[in-house]
Amino acid sequence: NPCCDAATCKLKSGSQCGHGDCCEQCKFSKSGTECRASMSECDPAEHCTGQSSECPADVFHKNGQPCLDNYGYCYNGNCPIMYHQCYDLFGADVYEAEDSCFERNQKGNYYGYCRKENGNKIPCAPEDVKCGRLYCKDNSPGQNNPCKMFYSNEDEHKGMVLPGTKCADGKVCSNRQ
């Protein structure tokens, strides 16, 4: 390390730092230098203070703050919305399904449920139908599936609406409710 004296294991004269995201050429990075990029609208970038070699702690916007033009709410640094979840599962031209598809989550069967207890699929309460299985509308060429869903025996959570997803105005899914 060019900033340190190997014989003494101390910083060389004139050096402010020897490592860190906010250490450049043995000096603290200038105040305002980005040291951690934003990962989403709910996770602002962090910047060096000019007083330390370390990047400040990773902070997120408060859970529940509206994001993506009110399509979602911040949740642990992300803005989970059903459109993105459908895209991640199925790719382009797939969108959140109509509300009628989510009504299937009241059945408590393979096609729709909110959670499992002792291996049994528990139906969603009417107000929680958008917190169970995720339904997507497939508009890709040659497809006409208005209530597309994903099921995996290996990962029972894949294909379910993610925690923190907006399910109604002012409401998000938590514990599949």
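For all residues, glycine too, the Cβ spot is worked out from N, Cα and C.
Across the range of the domain 'Disintegrin' (1-63), the DSSP-based residue counts are 0 helix, 15 strand, 48 coil. What Swiss-Prot records for 1-63 is domain 'Disintegrin'.
Remark: Cys3 (disulfide bond) has Leu11, Lys12, Ser15, Cys17, Gly18, His19, Cys23, Cys26 as non-local neighbours, by Cβ distance under 8 Å and separation of at least 6 in sequence. The disulfide bond annotation in Swiss-Prot covers Cys3-Cys26 (among others), and the record cites similarity to another entry as its basis.
Under the heading disulfide bond, Swiss-Prot lists Cys17-Cys23 (among others), citing similarity to another entry as support.
Annotation comment: Swiss-Prot describes Cys22-Cys48 (among others) as disulfide bond. Counting only same-chain residues at least 6 apart in sequence, those with a Cβ under 8 Å from the Cβ of Cys22 (disulfide bond) are Phe28, Ser29, Thr33, Cys35, Cys48, Thr49, Ser52, Ser53, Glu54, Cys55.
All chains included, 19 other C-beta atoms sit within 10 angstroms of the C-beta of Cys55 (disulfide bond). Per Swiss-Prot, disulfide bond is recorded for Cys35-Cys55 (among others).
Counting only residues at least six positions away in the same chain, the Cβ atoms of Glu41, Cys42, Phe60, His61, Lys62, Asn63, Gly64, Gln65, Pro66, Cys67 sit under 8 Å from the Cβ of Cys74 (disulfide bond). Summarising the annotation, Swiss-Prot assigns disulfide bond to Cys42-Cys74 (among others).
What Swiss-Prot records for Asp43, Pro44, Glu46, Asp58, Val59 is Ca(2+) binding site, and it gives similarity to another entry as the kind of evidence.
Taken from Swiss-Prot, the feature disulfide bond applies to Cys67-Cys79 (among others). DSSP classifies Cys79 (disulfide bond) as coil under the three-state reduction. Counting only same-chain residues at least 6 apart in sequence, those with a Cβ under 8 Å from the Cβ of Cys79 (disulfide bond) are Ser40, Glu41, Cys42, Cys67, Leu68, Tyr71, Gly72, Tyr73.
Sequence annotations record features per position, and here Swiss-Prot assigns disulfide bond to Cys86-Cys136 (among others) based on similarity to another entry. Other C-beta atoms found within 10 angstroms of the C-beta of Cys136 (disulfide bond) number 24, with every protein chain shown included.
According to its DSSP assignment, Cys101 (disulfide bond) is helical. Residues annotated as disulfide bond in Swiss-Prot, with similarity to another entry given as evidence: Cys101-Cys147 (among others).
For Cys124 (disulfide bond), the same-chain residues 6+ apart in sequence whose C-beta sits under 8 angstroms from its C-beta are Asn105, Gln106, Gly112, Tyr113, Cys114, Cys131, Gly132, Arg176. Swiss-Prot lists Cys114-Cys124 (among others) with the feature disulfide bond, giving similarity to another entry as the kind of evidence.
Swiss-Prot lists Cys131-Cys173 (among others) with the feature disulfide bond, giving similarity to another entry as the kind of evidence. For Cys131 (disulfide bond), the number of other Cβ atoms no farther than 10 Å from its own Cβ, over all displayed protein chains, is 27.
Cα distances from Cys86 (disulfide bond) to the binding-site residues Asp43, Pro44, Glu46, Asp58, Val59 are smallest for Asp43. Cys101 (disulfide bond) has its Cα within 10 Å of the Cα of these recorded positions: Cys136, taken from Glu46, Asp58, Val59, Cys136. Listed in sequence order, the residues Arg36, Ser38, Ala45, Ala57, Phe60, Gly77 complete the 8 Å Cβ shell around the Ca(2+) site centroid, once Asp43, Pro44, Glu46, Asp58, Val59 themselves are left out. Checking each of the binding-site residues Pro44, Glu46, Val59 against Cys136 (disulfide bond) by C-alpha distance, the shortest gap belongs to Pro44.
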